[in-house]
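So the structure is just underneath, and the comments pick up after that.
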Amino acid sequence: MTNVVVVGAQWGDEGKGKIVDWLSEQADIVVRFQGGHNAGHTLVIDGNTYKLALLPSGVVRSSKLSVIGNGVVFDPQAFVNEVEKLKEQGVKVGPDNLRVAENVTLILPLHRELDSLRENASAATAIGTTQRGIGPAYEDKVGRRAIRLMDLADPQTLPHKIERLLAHHNALRRGHGIAEVDSGALLRDLAAIAPRVLPYADSVWNLLDHKRREGKRILFEGAQGALLDVDHGTYPYVTSSNTVAAQAATGTGMGPSALGYVLGICKAYTTRVGQGPFPTELNDEIGELIGQRGKEFGVNTGRKRRCGWFDAMLVRQTVRTSGIHGLALTKLDILDGFDTIQVCTGYRLDGKEIDHLPAGEGAQARIEPVYETVEGWKEPTANARSWADLPAQAIKYVRRIEELVGCPVALLSTSPEREDTILVQNPFEA
């Protein structure tokens, strides 16, 4: 028995929600360890669709304990709204099955406003954020001026913390020519929301340590993807947190030895939202077709995703930077019916072949993909639940991906339905 870390092995939107839900049946605890409510995921269970952003995927199963770790940035109003929406759908959610790290950093309205100001200031400098305040909240965390969940329980120190925060933000707002934030109004808003979120507050590192010692199975749920990691991604077109597997330790307060098996999720093709390099992007009818078949639109934002062929170079790199033991390959069925499929097996930069994605923004923009043509398949893979259900060429495609990325496929997903999953290696039993 081991714990399992789930991370995206591309630029996010790989289908982590379904895989986490599938694994959560075997877990006792599901933990979010980074990001915020910028990374939406959709679960389809018994014909019911649940759209989550901030909450762990395990929350739709009331018998599981869901946890939001200290590595997350936490919008209290978004949290309340998401909890209420689930309750309306008949899901039992409360402090008995959902906990939030008491030292989690809060996202406030001023963070969202600053995010939007920056994104809309100039198209040339836009990163393509969701404008939900994620980056500015992480900035305040690192700048040691953030307001954390535990601060809402201390009316003696909260006013001082607000003044310190606003000394920074009101200076920025004056520079942008917008109204300053009134400290009294912010204090009243926080006092109003506090009773709705404080019952969920807990010492998460301590809670998880006790659960681990009791032999409970813990599933760590990453948001976004490893290629959006602030250090190892396509900087500056990245998110503001670490998204690689190692963040599961720092984002929950557990030691690295507690993490266990690392499962990387990737699509059978590649997608990306927002700005930034994309070596295998298809700006043609094939890219449009993949996007239509795969319903490639953001859960939270509705933004259209850019689509391209599978990039083995990128996934191989994330296998290494996250220490991935096995892959969950999703949306294989979207490639049904293609005569041929292209797979990126290498890069060319300024006329020379290279074996990794360079760190520099300029070099990333000049990358040229080297393709290998793979024979497609006509028979459907949709709803397949065993290798015997798959066409021979589809199996060959999966095996070729394993060879190119240097990592075995542990799970194969052939539709949004959780039952349409082919298990090769159970991560909890690895």
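Yeah, the Cβs are placed from backbone N, Cα and C, and that goes for glycine too.
The feature active site, proton acceptor is assigned by Swiss-Prot to D13, with sequence analysis given as support. Per Swiss-Prot, active site, proton donor is recorded for H41. Positions annotated as GTP binding site by Swiss-Prot, on the basis of sequence analysis: 12-18, 40-42, R305, 331-333, 413-415. Look at Swiss-Prot and you will find D13, E14, G15, K16, N38, A39, G40, H41, T130, R144, Q224, T239, R303 tagged as IMP binding site. Residues annotated as Mg(2+) binding site in Swiss-Prot, with sequence analysis given as evidence: D13, G40. According to Swiss-Prot, the feature substrate binding site maps to V299, N300, T301, G302, R303, K304, R305, an assignment based on sequence analysis.
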Site of maximum Cβ density within 10 Å, from binding-site residues G12, G15, G40: G12
Length of the line joining the Cα atoms of G302 (substrate binding site) and G12 (GTP binding site), in Å: 14
For K18 (GTP binding site), the one of N38, H41, T130, Q224 that lies nearest, given that the recorded positions are compared by Cα: H41
Distance check against G40 (IMP binding site) for the recorded positions D13, K304, R305, L332, keeping those with Cα within 10 Å: D13
Close in space, distant in sequence - T414 (GTP binding site), Cβ under 8 Å, 6 or more apart: L332, D333, T381, A382, N383, A384, R385, D420, T421, I422
Where the residue listed as 'active site, proton donor' falls in three-state DSSP terms: strand
Which of K18, R305, the listed binding-site residues, has fewest other Cβ atoms within 10 Å: R305
For T42 (GTP binding site), the one of D13, T130, R303, K304, R305 that lies nearest, given that the recorded positions are compared by Cα: D13
Cβ packing number for N38 (IMP binding site), 10 Å threshold: 28
For the residue listed as 'active site, proton donor', the one of G12, G15, T130, Q224 that lies nearest, given that the binding-site residues are compared by Cα: G15
Rounded Cα-Cα span from R305 (substrate binding site) to Q224 (IMP binding site), Å: 13
